[in-house]
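Engineer: Below: one structure in structure tokens.
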Amino acid sequence: MAECSTPERYLNGERDQVEREEKFDMYTEDYRGHQPVDYRIIKGPPLEYLTGICPYPPSIPSMDEIQIKTCLFLIKPFRYSPNQHGKYPQAIRNEHKYIDIWDEHHVRMPCSPRNVDKNGRERWPNIVVALSNLKKKCEQKSANFDDLKKTIELCADRTYNVACLEYLFKEIFSDEQRLHFISVVLPSICSLAMKVDIICSQPPPLLRAGSNESITMSQVQAASLLACSFFCLFPCRSGSRLKKEYKYFQDPNFNALYLRGGREKVEKIRCIVHYFERIQVRKPTGVITFRRYSIPSQYVPKWSESNKNLIPVHFTTAKKIEDIECSLQVDFANRYIGGGVLNTGCVQEEIRFAICPEMIVSILVCEAMDDDECIFLIGCERYSSYRGYSKTFQYDTDYQDRSFKDNWGRKWSHVVAIDAIYFDDPLKQFDMKIIKREILKAYTGFYSRKPTNQVAFPVVTGNWGCGAFNGDREVKAIIQLMAASQTVRPMIYTAFGDKKLIESFAAIYDYLIGERATVRDLYRYLKKFCEASEKTTLFEFI
């Protein structure tokens, strides 16, 4: 299975790696003679050449064949077929009975009998009453924004500043949109939250650092959990109520997102509301997976000895990562997955989570990443288009995600979250200890779980760890070229609007190909560059 490799797979993968190198040598030869029509923004082999390597979702064993204990499920074994209409994933326990687990290994659910107030009374019955009353008023078209605010505060048993949510409701929405949200969308969110005990049937497990575990759930279960976040229902995740097991988790509740802030926060809420509107119109029928992954230390390459050839690279300024299909898309992640999506942040990771809100569920279950880890987000659907970036980010229009599904029912959407180091002093990054950490992080994220031709789809990335993290773009580019070449994945490098970097990276790549450079040569360049007393740029140094 592509997402559930065991260490033994590394032992017999060498022959497959060689076969892939031979296949990709052909692409590289094509690249040498390829003359793109527009050298200003596009270089390298045609994009379709690389995305055509795996135009359909990778084949994986059926759920009922999975015997690996680290693969955890919130649903019963399910097999997707495009010809079977009306067949949906079912909760792991569908006897309409919630089985509670209240411990440090699982999400502490709002519907748990052990979720109590300061007087020891169960909170869930009162939450259900509050949500039921709001739902009834909405259906009668008599609810207003104050009713929503009071319900959020009643459910959370605390007061909140919800200025951004209020601004969306009162200033951005038209009268027609406001009525539709109140009378149609909000009752649906209430129902999803109230039924979380039946929809999920048991608490999701937490994916701890170093666990190499995955959790698979239905899109409806993800929607129910997000509805709970919408009403700020998850206990023990912040403030004085924070339990010690959540020390390295983010708060999955939306209260910080609602708090007064810039227009970009309002637009992120708008994306999430649009998601709820879409799933109210048509119930999602698919499956998503979150998976932590780290490579055992004995399988980490000796970079100074690697003779892997460089893989083919397509360079472009014309596309964004999320727009390139049939590839492993890189999330320029925070160590705490999701970054500031539920707060003020609004750059690459936060925007991706806003337009694909099912990804926000990873915040609920995933602990902060260690240096040798990555997190995969598989099957999450995209619902929104957008324009702008950071302070200028805005919801634009509805997005129809027409990606194919695999036999589990997951969209052909594979995203890997890898976190780069933040440098308060950019000069600190020119240290081989730091460089090796970043190489390992990229290598872990790019590694093909099952190293064969069938799943070696390209990785699409860009200026990872640059921008706000102060990473050197040229150093990070060479690091990612090393990692992709070692894993024998072709790379699509997109630096939206950064024409200068694309041209210089493509030029240095041409030079390296002409010199028949290998991964160890790139490693040596990095090492000598870090040792050099006078710094130019890495590309000039090479």
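Note: Cβ is positioned from N, Cα and C throughout, glycine not excepted.
Sharing the features that TrEMBL gives for it:
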| type | residues | note |
| --- | --- | --- |
| DOMAIN | 174-292 | domain 'PARG helical' |
| DOMAIN | 301-501 | domain 'PARG catalytic Macro' |
| ACT_SITE | D331 | active site |
| BINDING | N334, Q348, Y389 | substrate binding site |
| ACT_SITE | E349 | active site |
| ACT_SITE | E350 | active site |
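Walk me through where these features lie, including what they touch and how far apart they are.
Structural biologist: D331 (active site): 28 other CB atoms within 10 A of its CB, across all protein chains.
A C-beta separation below 8 Å, combined with a sequence spacing of at least six in one chain, links Y389 (substrate binding site) to C346, V347, I351.
Using a 10 Å Cβ-Cβ cutoff, E349 (active site) registers 23 neighbours.
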Engineer: Report the largest Cα to Cα distance, in Å and rounded to a whole number, among the residues N334, Q348, Y389 that the record lists as binding substrate.
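Structural biologist: Spelled out: the longest distance between any two Cα atoms in N334, Q348, Y389 is 17 Å.
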Engineer: Distance check, please: Cα of E350 (active site) against Cα of D331 (active site), rounded to an integer number of angstrom.
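Structural biologist: Given the Cα positions, E350 (active site) is 9 Å from D331 (active site).
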Engineer: How many helix, strand and coil residues does the domain 'PARG helical' (174-292) contain under DSSP?
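Structural biologist: With helix first, then strand, then coil, the domain 'PARG helical' (174-292) has 66 helix, 13 strand, 40 coil.
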Engineer: Taking the Cα atoms as reference points, how far is E349 (active site) from N334 (substrate binding site) in Å?
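Structural biologist: That comes out at 8 Å between the alpha carbons.
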Engineer: Let me know the model's mean pLDDT on the domain 'PARG catalytic Macro' (301-501).
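Structural biologist: Here the predicted model's pLDDT, averaged over the domain 'PARG catalytic Macro' (301-501), is 94.
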